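Asks: Here it is, the structure in full.
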Amino acid sequence: MTQESRGMWLGLAGVAIFSLTLPFTRMAVAELNPVLVALGRAVVAAIASAALLWWMGAPRPTTAQWRALVITSLGVVIGFPVFTSIAMRYVPASHGAIVIGILPLATALFGALRFGERPSMGFWIAALVGSALVVGFALWQGDGEFHVADLALFAAVIAAAMGYAEGGRLSQSMGGQQVISWALVLSMPVLLPVTVWLVWTYGLDASPKAWIGFGYVSLFSMFIGFFFWYKGLALGGIARVGQVQLLQPFLTLLAAALMLGEALDARNFLFAIAVIAVVAVGRQMGVRR
């Protein structure tokens, strides 16, 4: 198996884990404060990260790596969880698929501007067509309307793309496990006191269902999923592996239907087939690294 193929498979594993994030987040924020869910999950994951780094005997990051970790943390530890948790309080997980719909293009754009990856024109066309498909699908699901929560979703896209691109490149020198672990530990001094205040203010009274949702987004969405995702980006390239994200909305829709009872019909799968075709075409297009 080539390095690029390994990167694609690892990226797909990460996407599969991330695809359950919105349904589980919606389960959690139905009963818990959304900002508490967003920051609390990072605190739980940071504790697990600290234990992992100690067990691995991981070396401390260099000054340059600390700077990159700050950007990564702002994007995927704070920004994306906060904005999606707020959005999931007001719109269904199926509508939240718009977040995933434009992430591949945004991730590729950050990779190109920040690190000099140069996707070909054909690649950009494939990314644009795929993103247009899934964004159009999300609008169709929302009866052609954007909600106030969509502002939070777009902000989440920007945050995630920044964190994915920065963390993916950093994984080439640190490894995916260390990148997300150090990013989480770095955020701990800020997030812990805020989380304690939120607990004091809003309390922790919630059903087991809500806590299952919180547990998943804390350990899988916030921690384990990034091991696969960042390693995949490092092996296969930010722009190319980022295309796999085009499949995530439809995995999310399926999960939302099974877990939350949200509507799912045959037309959903027609969109999924179209997006898969775009991903296949995009893989054949050149990306100069």
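Cβ atoms are placed via backbone N, Cα and C, with glycine included.
Residues annotated as domain 'EamA' in TrEMBL: 6-130, 149-280. Annotated transmembrane segment per TrEMBL: 7-29, 35-56, 68-91, 97-115, 122-140, 146-167, 179-199, 211-230, 242-260, 266-282, in sequence order.
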Asks: Is it true that the transmembrane segment (97-115) and the transmembrane segment (242-260) have 3 or more CB pairs under 8 Å, sequence gap of 6 or more?
Replies: yes
Asks: Thinking of Cβ pairs under 8 Å, which stretch from 35-56, 122-140, 242-260 has the most of them with the transmembrane segment (7-29)?
Replies: 242-260
Asks: Among 68-91, 122-140, 242-260, 266-282, which stretch has the highest count of C-beta pairs below 8 Å with the transmembrane segment (211-230)?
Replies: 68-91
Asks: Give me the mean pLDDT over the domain 'EamA' (6-130), rounded to a whole number.
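Replies: Residues in the domain 'EamA' (6-130) carry a mean pLDDT of 89 in this prediction.
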Asks: When DSSP states are grouped into helix, strand and coil, how many residues of the domain 'EamA' (6-130) land in each?
Replies: 100 helix, 2 strand, 23 coil
